[in-house]
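The signal peptide annotation in TrEMBL covers 1-25. What TrEMBL records for 49-69, 81-103, 123-146, 267-286, 298-322, 334-355 is transmembrane segment.
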Amino acid sequence: MRITHNVKLSLFFFFLSLLLIAVSAGESKCECSHEDEEGNKAGARKYKIAAIPSVLVAGIIGVLFPLLGNFFPSLRPETNFFFVTKAFAAGVILATGFMHVLPEGYEKLTSPCLKGEAWEFPFTGFIAMVAAILTLSVDSFATSYFHRLHSKTSKKIGDGEEQIGGGGGGGEELGLHVHAHGHAHGIVGVDSGESEVQLHRTRVVAQVLEVGIIVHSVVIGISLGASQSPDTAKALFAALMFHQCFEGLGLGGCIAQGKFNCMSITIMSIFFSVTTPIGIAVGMGISSSYNESSQTALIVQGVLNAASAGILIYMSLVDFLAADFMHPKMQSNTGLRIMAHISLLIGAGIMSLLAKWA
């Protein structure tokens, strides 16, 4: 049931993004369009076709690398190497939100093609803020729900064992033994319940993170597919391969910590990997009629990018960096803490440099 719900949710956001962007394809051109009229469409097309399998493979490699912990002990979530790798991935996702997605949102929603005083309001920052707050709400309510669920279960187990221990006719020694065992089991049950709550929270984090990445992947994939300039297509092609691989690294690490079953891992990995290639294919299909400077296209892309930025920034800061850097294992190991900071800066730095092209 959970798998079906997750797939439906991801499909909903994916096809909603595609639908909204495709609707803008028929819009009349804006007078401030800057499309290169001398662009070599045939030259751009070869980069688009090559990008589909290349980006697909890069995404698969990125998302599967952290999931190899079952075969390589050094890649398991409790190891130092995993903490350092996850810090790198968090830097990538943080830079993606700040350096890639948010500026694109500002560019679209502050375009001179959008007429009217209403567009003087800073919608990009507002939408990103609302998306971050909604992500916090999902995170908070989901954690609270699972905490209450496991608290009730633990309480029922403890009450049942105490009733058995308090039954007459069994002798004081037996009653005391069972009663004491019941208390001990209750403590274990509470610890187990807390661990289960944290596991469910990690799964929620992985699912919300994938939604944020999917929305951005659809937009950037269509941008590459609709591009008519060989130079633009070449730059996007190269940047997207690194982009997809590094984002997959972050998502894969989150999936690994969530301890999903094999079917859920397969579905989430495949869905992440194919989103950008599908976006490229859709962009190629509508490239003849798609006008990225139309009002509808600007609004749709701006809103999607702003919302995606809010999600990615919140997830990287709160659920990745804050959670890991305040973890007892990190706090008690100075060497690990230094390596994690260096890894974070490298990941954020690389993705910041890629912002020049994509």
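Glycine too: its Cβ is placed from the backbone N, Cα and C atoms.
Bear in mind that TrEMBL entries carry predicted annotations, made automatically and left uncurated.
The largest share of C-beta pairs under 8 angstroms with the transmembrane segment (298-322) comes from 123-146, of the ranges 49-69, 81-103, 123-146, 334-355. Long-range contacts of the transmembrane segment (334-355) within its own chain (CB-CB distance under 8 A, at least 6 residues past either end) are made by residues 80, 83-85, 87-92, 94-96, 99-100, 103, 239, 242-243, 246, 321, 324-325.
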